[in-house]
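Trainee: Handing you this structure, nothing more for now.
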Amino acid sequence: MNCSISGEVPEEPVVSRNSGLLFEKRLIERHISDYGKCPITGEPLTMDDIVPIKTGKIVKPRPVQAASIPGMLGMFQNEWDGLMLSNFALEQQLHTARQELSHALYQHDAACRVIARLKKERDEARSLLAQAERQYPVSALNAPTANAPVLSNGKRAAEDEDLAPGAKKIHPGISSSIISELTDCNAALSQQRKKRQIPGTLAPIEALESYTQISSHPFHKTNKQGIISLDILYSKDLIATGGIDTNAVIFDRPSGQILSTLSGHSKKVLFHVKFVAQGESILTGSADKTVRLWQGSDDGNYNCRHILKDHTAEVQAVTVHATNNYFVTASLDGSWCFYELSSGTCLTQVFDTSGSSEGYTSAAFHPDGLILGTGTTESLVKIWDVKSQANVARFDGHAGPVTAISFSENGYFLATAAHDGVKLWDLRKLKNFRNFAPYDSETPTNSVEFDHSGSYLAIAGSDIRIYQVANVKSEWNCIKTFPDLSGTGKATCVKFGADSKYIAVGSMDRNLRIFGLPGEDAPTES
């Protein structure tokens, strides 16, 4: 009788009470411990159902080949031949694998050489294009632009839009007259800065320590909550917010009333909103790859005057020059554009000629207007000379995309925010002199902002923190910490009001929150 599992005569035979089948004891015990059922019938089976069978000692007969010396030699010969054949097959497989690896390495080396050559040709082409854009006569392109009709939906004239797919627009470049205007503005502002004094109306530290939430205003849609950016027009105390619902809202803080809602962007996030001059114009940048220029009207509403489509990826930042005649947009397509405000014309589009492919996530003009700071997706901060569009400095050390960038009013300090916190840079020595890591490694810092006097610094992440600005060697003390009252744990933007008399905060809910002294010019909650 043979075992029902192995098919051989069992050394320790046992039989199942349920099925009557014969098994080798060690085999059926292991099967029951693993599966708990009969291997033949599939019925439940336990060790209690197994009955041992007593038999005499079984002597297994030798196989025929092992019964004699010639038979054993033949058996050994067969095993040796099988081993040699197996070894030969393995050597063939090894040889084939070596040939395939050598071929793959050769292809990889050739591909690397081709990529390096293409990158070199691309960089040369970009450099030649940049030179051509600067040397192209401005009058030849500005003449049709000046007379081009502006449509009610903000689109430019048809001749500007009828470009072949994938074609690049030729930009006139920054003319010498514009450079002179920028230089004169820089000289005037630099001279004023030397005489600058802290205004006596600035809120003192003791007042900021007593700030609390004085109002909350639900502006944006409930199904697409989140305020991504905000800006304040100090002269009229107007606040503009940009939200995930694709709208921008203009809010009159003293009266607590919404003056206008700007609708038109098609993608989910309005990344940046900026007032221009005395609020006559507003700029908005969006994930739909466009920038819209809105013109104010006598009835208080804003109409879209231009839709700017020079970028090929999400527009992440908009910043206005101190002259209020020009502005810059920065995009994930790896370029920043310099525009003339009056015509909506892109004068130049600047790509990094070093060959890097990172996109821009933040941008800001230096208070004097001749320097532009940009943050990238690759944790770099780049400083540009606006006149020559040359990258004159780079700051590294951040972790994650640079989410915000802010220059101090004194012109010496630059604050940058990223996933690892905030870094402060001394622009005179081009080095990092202080770091703030207010949150844990899982919480990014979403916004950083100097107040208009350069006396305070605000940081927004899972909460809002206000620091007193000091010098390079002195400690920058944390004056006040405001909790994120939205319940989302993500404050996205922060801005000081005029003379720091209040602080405006946007979060990932739809409410704009105002922090200030209780009972002091607090509007009624909307």
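Each residue's number is its place along the chain shown, starting with 1.
The backbone N, Cα and C atoms fix where each Cβ goes, glycine too.
Fair warning: this is a prediction, and the values are worked out from it, not measured in the lab.
Copied straight from TrEMBL:
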type	residues	note
DOMAIN	1-70	domain 'U-box'
REPEAT	273-295	repeat 'WD'
REPEAT	308-349	repeat 'WD'
REPEAT	353-394	repeat 'WD'
REPEAT	395-435	repeat 'WD'
Trainee: With DSSP as the reference, give the number of residues of the repeat 'WD' (308-349) in helix, strand and coil.
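Mentor: DSSP classes over the repeat 'WD' (308-349) add up to 0 helix, 24 strand, 18 coil.
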Trainee: Could you pull out which residues elsewhere in the chain have a CB under 8 Å from any CB of the repeat 'WD' (395-435), counting only those six or more residues past its ends?
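Mentor: Apart from its flanks, the repeat 'WD' (395-435) reaches 190, 193, 196, 361-368, 371, 373-383, 441, 444-450, 452-454, 457, 459, 469, 472, 476.
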Trainee: State the non-local partners of the repeat 'WD' (353-394) in its own chain: residues 6+ outside its ends, Cβ under 8 Å from one of its Cβ atoms.
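Mentor: That would be 119, 122-123, 126-127, 130, 134, 174, 179, 182-183, 185-186, 189-190, 193, 313-314, 316-323, 328-336, 338, 400-409, 411, 414, 416, 418, 425, 427, 430.
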Trainee: In the repeat 'WD' (273-295), how many residues does DSSP assign to helix, to strand and to coil?
Mentor: 0 helix, 15 strand, 8 coil
